[in-house]
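Chemist: If you scroll down you'll find the structure; I have some questions about it.
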Amino acid sequence: MLKMESTQQMAVSIINSSFEAAVVAATSALENMGIEYDYQDIYSRVKNKFDFVMDDSGVKNNPIGKAITIDQALNNKFGSAIRNRNWLADTSRPAKLDEDVNKLRMMLSSKGIDQKMRVLNACFSVKRIPGKSSSIIKCTKLMRDKLERGEVEVDDSFVDEKMEVDTIDWKSRYEQLEQRFESLKSRVNEKYNNWVLKARKMNENMHSLQNVIPQQQAHIAELQVYNNKLERDLQNKIGSLTSSIEWYLRSMELDPEIKADIEQQINSIDAINPLHAFDDLESVIRNLISDYDKLFLMFKGLIQRCNYQYSFGCE
């Protein structure tokens with residue numbers, strides 16, 4: 001039987017392996033370009049960026065949440081699995097949606113567009129006024145819904161700070177950036193290609209993990225069908241056993257009271273719950289052995305009173 005959190009641990013292991021692959025890719029790229037580097041510094045930089053992108057985009061919590069649903073189903077807690085059954089009936093639909101959403105979130109996070117900027121951009125839009133330098137800020141439907149739900153608060157700690165005069169020579173700065181652009185272009189393209197390969201590998205891992213869900217659900221359904229069949233077979237076997245014993249008991253030349261007592265014990269066997277039925281059978285067998293023991297002791301005492309001797313076995 002699987003452990004309580006085996007699927008969740010597998011998902012965490014895949015994410016950790018993806019991080020290690022990112023570190024190896026970064027160091028390999030630097031070595032190929034002949035750039036000296038400090039491994040601990042590269043490791044720290046990649047870890048900070050990787051943790052931020054995975055957490056801010058929600059990619060980390062997505063497979064872990066699905067893994068928790070699988071673990072709960074494997075431990076006979078089907079509430080979460082049933083709620084997601086209809087949505088996950090078509091595996092291509094959630095796989096495609098998750099792939100597209102995760103890809104967009106990671107691209108935005110890697111470019112410095114964090115969750116705060118994405119939420120603000122989704123809540124507001126700006127409309128320019130023709131012929132004027134001012135503009136109109138419009139609230140989107142998402143902002144209206146948040147207002148209705150009471151999810152908007154007023155920040156009373158706003159402080160009007162003094163604006164400093166910008167004295168930067170933008171023309172000189174632009175010329176410097178233009179000179180560096182060509183030298184950085186090839187390096188940026190190489191980093192981007194490496195990132196695409198890592199993202200594609202991660203998407204493949206996520207897709208494989210999502211395919212586990214319907215497989216596990218089918219396996220659980222098969223186990224339930226087998227368990228129901230086994231329980232019915234045991235119930236039929238127990239019913240057949242009690243009927244056979246009752247028929248055999250009626251054919252014996254025993255006292256009617258003894259027959260009635262044994263028949264009452266047999267009828268007390270629970271034919272619905274197999275576990276209880278085995279306990280009842282054990283009790284009946286123990287009672288029969290106890291009655292036989294008492295009969296033997298009575299017969300032994302009678303022989304001794306008649307001054308006879310007895311022995312076991314054949315001489």
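One-based numbering along the chain as shown.
For all residues, glycine too, the Cβ spot is worked out from N, Cα and C.
Annotations for this protein, taken from Swiss-Prot, read as follows:
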REGION    1-149  region 'RNA-binding'
REGION    150-206  region 'Dimerization'
COILED    166-237  coiled coil
REGION    170-234  region 'Interaction with host ZC3H7B'
REGION    208-315  region 'Interaction with host EIF4G1'
Chemist: Please work out the mean pLDDT for the residues of the region 'Interaction with host ZC3H7B' (170-234).
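Modeler: Mean pLDDT, the region 'Interaction with host ZC3H7B' (170-234): 85.
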Chemist: Please list the DSSP helix, strand and coil residue counts for the region 'Interaction with host EIF4G1' (208-315).
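Modeler: Across the region 'Interaction with host EIF4G1' (208-315), DSSP assigns the residues as follows: 87 helix, 0 strand, 21 coil.
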Chemist: What is the three-state DSSP composition of the region 'RNA-binding' (1-149), stated as helix, strand and coil residue counts?
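Modeler: DSSP classes over the region 'RNA-binding' (1-149) add up to 101 helix, 10 strand, 38 coil.
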